[in-house]
């Protein structure tokens, strides 16, 4: 029943409470409504009565004092898993469950033997790797030291991207390890795709229901109840509640003969109170190209004027495609679904081969998938193929110590030709082509605690970032410069040509001249017959790299995950082998120890 109808019917709520709920609903996104639903479900399970106080005062509810404890462990690389874990903790507390929230990096594996109920929330990093904070726990649970866990009930939820081969691999690993140790699953593992908010909220409700079946509760106690988004919005912006910032600058920083269009983006955060650290990312909520939306509906025989239901509202199909759905990048699920709808022999053959399906999906835009076989679809069928729109995360390329209430990005514009037609990336073309300077753009800061400068300013730093992977290192050097850090800085940068692709060249030369950067080594792959990349420069300076490592240097790598990061990793192993006189196995262990101690950090994509 709609909230606006409540006052007209018999209801346990008074008019003031109805007004509060109406306000909360009106100011909340679909994801926030899903969270609120789970939160109020938890309250309904308590034995104590609840009382909603005025929104202008801190709200409290009576919640049952539990007997027994639920431990929530999160393994998070960029913060998404942590966010889900925090929401679950709040819902569990409201439901009267004693709960402990802990990072996988702070959790001792041997403590599993003392637990009765555990929920583990895990993201996956790189190629099926556990997040940095979870490496030790991940290794412990598959080791001979792991205890048998016959008295443990557990649940696992994974966050990932189904476009990648090792989708939610860390969550799958934890699920498998706990099961082999004799623990009993409370419910089936959920593997969430990029649009995880709603399914994760539903799963949390089910998980808490299962936990409460065997976690008893006692007398009521008072716990805080933050009931509206607007109460939190005063001091904090987030993915669900982004800040409406202003685009100050979108400047092309590659030369006229470059095959790339890379933009330096400056965004005004004045008055927002938003803060960030070097290494964090900026989430950008973007809109799709209206022309692309119209082309897609035409491709499947629709006009775009059809009305569809989106979160309880009826809106035109083309409007939904512009603002609510991902319509640029294909994914394996979309290709699989369209293969079934279109009965395309080509797509059916691709679907039968997972590797070819993943390769095709990663290199093909949605409109080109739809063009594989002319197929009439209904508006509902088209929508069923699509993911919900999610924000694009960009590594921040500025330090607030340097730029104040601004945030800078370094954005590579995705643009290529498909036959006689042009194809563009959704977010990059929005920032570079469709958003005018002075226009509003919704943003939020995504913390990345796994890509941070060393706390000790005397520590040497080695930064390896070709192409737009240079972004966080611009922030790092600005930060170290403003802090007058004594530690040495060494930058490896690479791209196609010196003349047209040396991003921020003047700035690096200034830092080199002033002594902020002690060493700058570049690799321009197309300036000579033989291709040279950053990993080659690392090997050329193997002796010095090893010396810096012996001095305690931290190593950072940012950029392409599929090729560059692997090649740099192999180069570092070779340096350790040759200069440290170690076997390959010992070199791998050495590098793994660097990663565990936060001396080897990667921000790859």
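Every residue gets a Cβ built from N, Cα and C, even glycine.
Per Swiss-Prot, the feature FMN binding site maps to 76-81, 123-126, 159-168. Residues or ranges marked as FAD binding site by Swiss-Prot: 328, 362, 392, 393, 394, 395, 410, 411, 412, 425, 426, 427, 428, 605. The NADP(+) binding site annotation in Swiss-Prot covers 525, 526, 531, 532, 533, 534, 535, 567. Taken from Swiss-Prot, the feature domain 'Flavodoxin-like' covers 70-208. If you look up Swiss-Prot, you'll see 240-454 marked as domain 'FAD-binding FR-type'.
Taking the features listed in Swiss-Prot, we show where each one sits on the structure.
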{"residue": "126", "record": "FMN binding site", "contacts (Cβ under 8 Å, 6+ apart)": "561, 565, 602, 604"}
{"residue": "167", "record": "FMN binding site", "contacts (Cβ under 8 Å, 6+ apart)": "124, 160, 161, 191"}
{"residue": "392", "record": "FAD binding site", "contacts (Cβ under 8 Å, 6+ apart)": "283, 284, 286, 426, 427, 428"}
{"residue": "394", "record": "FAD binding site", "contacts (Cβ under 8 Å, 6+ apart)": "281, 282, 284, 409, 410, 411, 471"}
{"residue": "525", "record": "NADP(+) binding site", "contacts (Cβ under 8 Å, 6+ apart)": "494, 495, 496, 531, 532, 533"}
{"residue": "534", "record": "NADP(+) binding site", "contacts (Cβ under 8 Å, 6+ apart)": "464, 466, 492, 493, 494, 523, 564, 568"}
{"residue": "535", "record": "NADP(+) binding site", "contacts (Cβ under 8 Å, 6+ apart)": "564, 567, 568, 570, 571"}
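When secondary structure is read from DSSP and collapsed to three states, residue 426 (FAD binding site) falls in the helix class. According to DSSP, residue 328 (FAD binding site) sits in a coil region rather than a helix or strand. With respect to residue 412 (FAD binding site), the closest of these binding-site residues in Cα terms is 164, chosen from 76, 79, 123, 164. Spread of the NADP(+) binding residues is 18 Å (greatest Cα-Cα distance among 525, 526, 531, 532, 533, 534, 535, 567). Look at the domain 'Flavodoxin-like' (70-208): DSSP puts its residues at 58 helix, 33 strand, 48 coil.
Sequence-distant contacts of residue 526 (NADP(+) binding site), defined by Cβ-Cβ distance under 8 angstroms and a gap of at least six in the same chain, are 496, 497. As a whole number, the greatest separation of Cα atoms within the FAD-binding residue list 328, 362, 392, 393, 394, 395, 410, 411, 412, 425, 426, 427, 428, 605 is 22 Å. Mean pLDDT for the domain 'FAD-binding FR-type' (240-454) in this predicted model: 96. Around the Cβ of residue 164 (FMN binding site), the number of neighbouring Cβ atoms within 10 Å comes to 19. Comparing Cα positions, residue 328 (FAD binding site) lies closest to 164 out of the binding-site residues 79, 123, 164. In this structure, residue 567 (NADP(+) binding site) is part of a helix by DSSP. When each of the binding-site residues 76, 123, 328, 410 is scored by how many other Cβ atoms sit within 10 Å of its Cβ, 328 comes out lowest.
Listed in sequence order, 446, 447, 448, 449 are the same-chain residues at least 6 apart in sequence whose CB falls under 8 Å from the CB of residue 79 (FMN binding site). Of all Cβ atoms in the shown protein chains, 24 besides its own fall within 10 Å of the Cβ of residue 428 (FAD binding site).
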